[in-house]
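What follows is a short report on a single structure.
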Amino acid sequence: MNRLAFGRLVNTQTVALVGVLLLNWLLFPGFFKIEWQDGRLFGSLIDVLNRGAPVAILAIGMTAVIATKGVDLSVGAVMAMAGAVAATLVVAGYPTALAIVAALAVGLLCGLWNGILVALLDIQPIIATLVLMVAGRGIAQLITEGSIVTFSDPALIFIGTGSLFGFPMPVVIAFTLLVLVTLAVRKTAIGLFIEAVGVNRSAATLAGIRSRLLLIVVYALSGLCAAIAGLIVTADIHGADANNAGLWLELDAILAAVIGGTSLLGGRFSIAMSVVGALIIQAMNTGILVSGFPPEFNLVVKAGMITLILVIQSPFSSQFMNWLGRRNRGAAR
Amino acid sequence: MTYFKKLALAASIATALSSSAMAADMTIGFSQIGSESGWRAAETSVTKQQAEKRGITLKFADAQQKQENQIKAIRGFIAQGVDAILVAPVVATGWDDVLTEAKEAKIPVILLDRGVDASQDLYLTSVASDQVKEGKVAGDWLVGAVKDKDCKVVELQGTVGSTPAINRKKGFEEAIAGHNNISIVRSQTGDFTRSKGKEVMEGFLKAENGGKGICAVYAHNDDMAVGAIQAIKDAGLKPGTDILVVSIDGVPDIFAAMVAGEANATVELTPNMAGPALDALAAYKKDGTVPPKFIITESKLYTPADNPQGEYDARKGLGY
């Protein structure tokens, strides 16, 4: 049983993550050094977890959406909106708890809106969520009036820069969310329902799954995840930057899900592997920062690595490996 | 012959009419890029203030980062027969047609803050900062501040390939050239944003022995510097003392950091591009004084000795 659990941990994603981390270590020998400083862990590896947390949280929601054969392009804009709402409320003197609840409610509402467009009006997900992707950032800019709303509320800042058991709060939040959502989809039938709707929505509906409700719930989860990520990035810089918060992160979240082996055609997903995918992306970012590459190479290096990972994962290469395996066995005989 | 006389008469009447128009009852159109940054918002509010101060009616058009909207706005201004047009062009190319239309309508156009790739006789003048000089002023400050001490600098660049990033890097490098005690040990892009500035600085701090080897951080804008300051604090070091912080723009939050002793110098990119533009326009309208083609705004250095609290208060309401 233990061997089985361990075996499931060794797959393309985890091998890729370890590979990227080892590469970083080769480029920067101090990469794995972790110190205890001011009551918290401090080191490049912690940076990977901490900086990767917002995209990991987005990826949790995104994976569920993609598993239903959908996509949520609005998460970056929802992040900006949630951050803008929280920051303007605390600056206006409202209690922190209210600001946080309001920001989460905004995310939930945005998710419900997306879900209703997709599930009830049958608009294609890419179009339905594009609406909020474009409009959401504009709304965020309206809320902040185009400037960075800076705040000094310690409770809100704690979400972004505080620490619990030595780990940065974003990591704790992402991990908690990962455990909760994984339990929800794997210990109940919800995961199976999501897969069924993703494979064939009509068949799932005929089989008695309330696919409309399920879709709305899934998009609402994605909106909620985006709001949490938005709170984290806003708290991290002590300010709501409506122009830049979450900009293009929807693409990173989709990429994380794809690296994690979730099929864009729906039906096959793994939340945990999507989080590993997010960490792979962040490990590359952090690696570039500590290795001292000139910035002109950033995107080329990232593109090269991602291409390599995706090629390794492709059906072609698994067929090729099978063929190679058969041939070797044939030769041994 | 009589035809030419008539023409000359008409021209002189036209000149008399336009020169008699006082600055006070001028109407000016302003096509702004949009509100992509706090600085841009401040430029918009300062332009409105400057026009109001001179009794000029300002028609404002926000292009939401689209050139087609700017061209539409300028055509609208021409149709309304405004006295002059201010444009902050979103991109450099594609302006020939609409600027020619303005020229044919005899409406002077003044470019704010960015240039265009069009014939110089299509606009009256352009008011902008010298970005290379901004970098140079920042570098000169550092050279003066560290004197003969060895100083390893980390640089937070703007968006890769953007003009301000290239120019501000160039100016800084020019300033520290010949000072062998100062060297840039690491340089990465922070995309002009606070969060990327913080993330990149975190990386630099790890890579340079927990930050103990770093003497100064040079950021291409204040927002990245504000992010870097937070990263330095998180690493248990004192920004402004253990690591010097020098940046460019002069936004309110960097003055707040100066008040707290966490930032050492900033080079102002003034949001007041409209002031010099309107002055040049007034002189041109009054007696036809043709301004120079390029008016360069001052790149003023601010340090904690320059009353940062006062500078913060003065800027806070501008929409940064």
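Each residue, glycine too, has its Cβ placed from N, Cα and C.
Lifted from TrEMBL, the feature list:
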TRANSMEM  A:9-28  transmembrane segment
TRANSMEM  A:48-66  transmembrane segment
TRANSMEM  A:73-92  transmembrane segment
TRANSMEM  A:98-119  transmembrane segment
TRANSMEM  A:126-143  transmembrane segment
TRANSMEM  A:155-185  transmembrane segment
TRANSMEM  A:213-233  transmembrane segment
TRANSMEM  A:245-265  transmembrane segment
TRANSMEM  A:272-293  transmembrane segment
TRANSMEM  A:299-324  transmembrane segment
Quick test of the contact rule: Cβ under 8 Å, at least six residues beyond the ends. What residues does that give for the transmembrane segment (A:299-324)?
12, 16, 20, 255, 258-259, 261, 280-281, 284-285, 288, 293
Short question: which residues 6 or more past the ends of the transmembrane segment (A:155-185) have a Cβ under 8 Å from it?
36, 39-41, 46, 49-50, 53-54, 56-57, 60, 64, 86-87, 90, 96-97, 99-100, 191, 194, 221, 225, 228, 231-238, 271-272, 275
Can you find at least 3 Cβ pairs under 8 Å between the transmembrane segment (A:9-28) and the transmembrane segment (A:98-119), where each pair is 6 or more residues apart in sequence?
no
Same-chain residue ranges lying at least 6 outside the transmembrane segment (A:213-233) that approach it to Cβ under 8 Å:
53-55, 57-58, 60-62, 64-65, 67-68, 70, 72, 74-76, 78-83, 86, 100, 103-104, 106-116, 118-120, 156, 159-160, 169-170, 173, 177, 181, 190, 193-194, 197, 245-246, 249
Can you find at least 3 Cβ pairs under 8 Å between the transmembrane segment (A:126-143) and the transmembrane segment (A:272-293), where each pair is 6 or more residues apart in sequence?
no
Checking distant contacts: for the transmembrane segment (A:272-293), what same-chain residues at least six beyond its ends satisfy Cβ-Cβ under 8 A?
11, 13-14, 16-17, 20-21, 23-24, 27-28, 30-31, 44, 47-49, 51-52, 55-56, 58-60, 62-63, 174, 178, 182, 252-253, 255-262, 301-302, 305-306, 309
In the same chain, who gets a Cβ under 8 Å from the transmembrane segment (A:73-92) while lying at least 6 residues past its ends?
54, 58, 61-62, 98-100, 102-104, 106-107, 110-111, 114, 126, 129-137, 139-141, 143-144, 149-151, 153, 156, 222-223, 225-231, 233-235, 239-242, 245-250, 253
